[in-house]
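Q: Below are the structure tokens for one structure; questions will follow.
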Amino acid sequence: MVFVCLCYFRFVVAFKHKDKTSADSLKYNQPHLTENSRTDVMTVTPWLAPVVWEGTFNQDVLDSIYKPKNISIAATVFAVGKYTMFLKNFLESAEQHFFVGFRVHMHVFTDQPNEVPKVKMAAGRQVMVHKVPSLNRWQEISARRMKQIQDLIEEKLRGNTDYIFCLDVDSKFHGRWGTESLGRLVTVVHPGYYRDDRSRFPYERRPQSRAYVAPGEGDFYYCGGAYGGLLQEVHQLTKTCNLNFEADAKDGIEAAWQEESHLNRYMWINKPSKVLSPEYLWQDFKPKNPEIRLLRFSGVIKNYADIRPNV
């Protein structure tokens, strides 16, 4: 009887403490269904997926939901050939802005492991280096990433990672990229086409390709340089895109924009559960449009002729 009472006392104390902590950490303005914080942009897709812009979420509320879950996030980045020059800025800026305060493993795929810079990481965060072969065509490097991400998930990440994001190395973080980006299947709208009619999207238009998107179809044009989601969902995406790429190759076809073309086909059929605005992969050579209130991640200015092996 004494033992039962003691357990009950501990439960009540713990519950009261938990309740007090929650109340203190979740103080924010009341949400109103009749008010919209952004009226200048789309904030939900026709299939009811959120479109994430600055001003559409409360980061403290989101962090308070995910912090107790102790989630683990992986990020993949490919630095082959001269692309190793972008690693330092990428890794250092990620340490400042990418899921700060969470467990993060940065997986760097490179043909030059000795060129991976030493970057000081916070507790629970680390860089892991994977050696990959050099290739003579940048198109092949792009296309083969899907297979390498698939293998990484199957061989190393299953059972110890919750979410994964696949990012371009020739980019830099400028602002928060955090829990607002988590979802089952997440993609980023391409900054070069988000204002255009879909007839101008550079989809693969040859019906013979498994990346084919017919005229009059497609929702947005998504970036091949930033996508992610739950580990099992990204595994299915990369496995499907790789199988389609290999089947195309056997037929002598290479999609217009390699993995990006196959990604767009996949996302057309398998709608993403969350869409990230172009804040999440802008282009440094472009001036900010008025709706871009905060640059979070962007591709740096570079001369492709200097860094791509076959340009």
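Cβ coordinates come from backbone N, Cα and C, glycine included.
Automated prediction, rather than curation, is the source of TrEMBL annotations.
Annotation comment: TrEMBL describes PHE78, ALA79, VAL80, TYR83, ASP168, VAL169, ASP170 as UDP-N-acetyl-alpha-D-galactosamine binding site. The Mn(2+) binding site feature in TrEMBL is assigned to ASP168, ASP170. Per TrEMBL, active site, nucleophile is recorded for GLU260.
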Q: Could you tally the C-beta atoms, other than its own, that fall within 10 angstroms of the C-beta of TYR83 (UDP-N-acetyl-alpha-D-galactosamine binding site)?
A: 23
Q: With the UDP-N-acetyl-alpha-D-galactosamine site defined by PHE78, ALA79, VAL80, TYR83, ASP168, VAL169, ASP170, which remaining residues of that chain have Cβ atoms positioned within 8 Å of the Cβ centroid?
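A: Counting only non-site residues, the set is VAL77, THR84, PHE86, LEU87.
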Q: Which value in Å gives the longest Cα to Cα span across the UDP-N-acetyl-alpha-D-galactosamine site residues PHE78, ALA79, VAL80, TYR83, ASP168, VAL169, ASP170 as recorded?
A: 11
Q: I need the CA-to-CA distance for VAL169 (UDP-N-acetyl-alpha-D-galactosamine binding site) versus the residue listed as 'active site, nucleophile', whole Å please.
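A: Their Cα atoms are separated by 15 Å.
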Q: To the nearest whole angstrom, what is the C-alpha distance linking GLU260 (active site, nucleophile) and PHE78 (UDP-N-acetyl-alpha-D-galactosamine binding site)?
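A: That separation, Cα to Cα, works out to 15 Å.
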Q: Return the count of C-beta atoms lying within 10 angstroms of the C-beta of ASP170 (UDP-N-acetyl-alpha-D-galactosamine binding site), excluding that atom itself.
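A: Taking every protein chain into account, the count is 21.
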Q: Do you know which of the recorded positions ASP168, GLU260 has the most other C-beta atoms within 10 angstroms of its C-beta?
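A: It comes out as GLU260.
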Q: Please give me the CB contact count at 10 A for PHE78 (UDP-N-acetyl-alpha-D-galactosamine binding site), counting all chains in the structure.
A: 23
Q: Which residues in the same chain, at least 6 apart in sequence, have a Cβ under 8 Å from the Cβ of ALA79 (UDP-N-acetyl-alpha-D-galactosamine binding site)?
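A: Residues satisfying the criterion: PHE86, LEU87, VAL108, PHE109, THR110, GLN112, GLU115, VAL116, VAL169.
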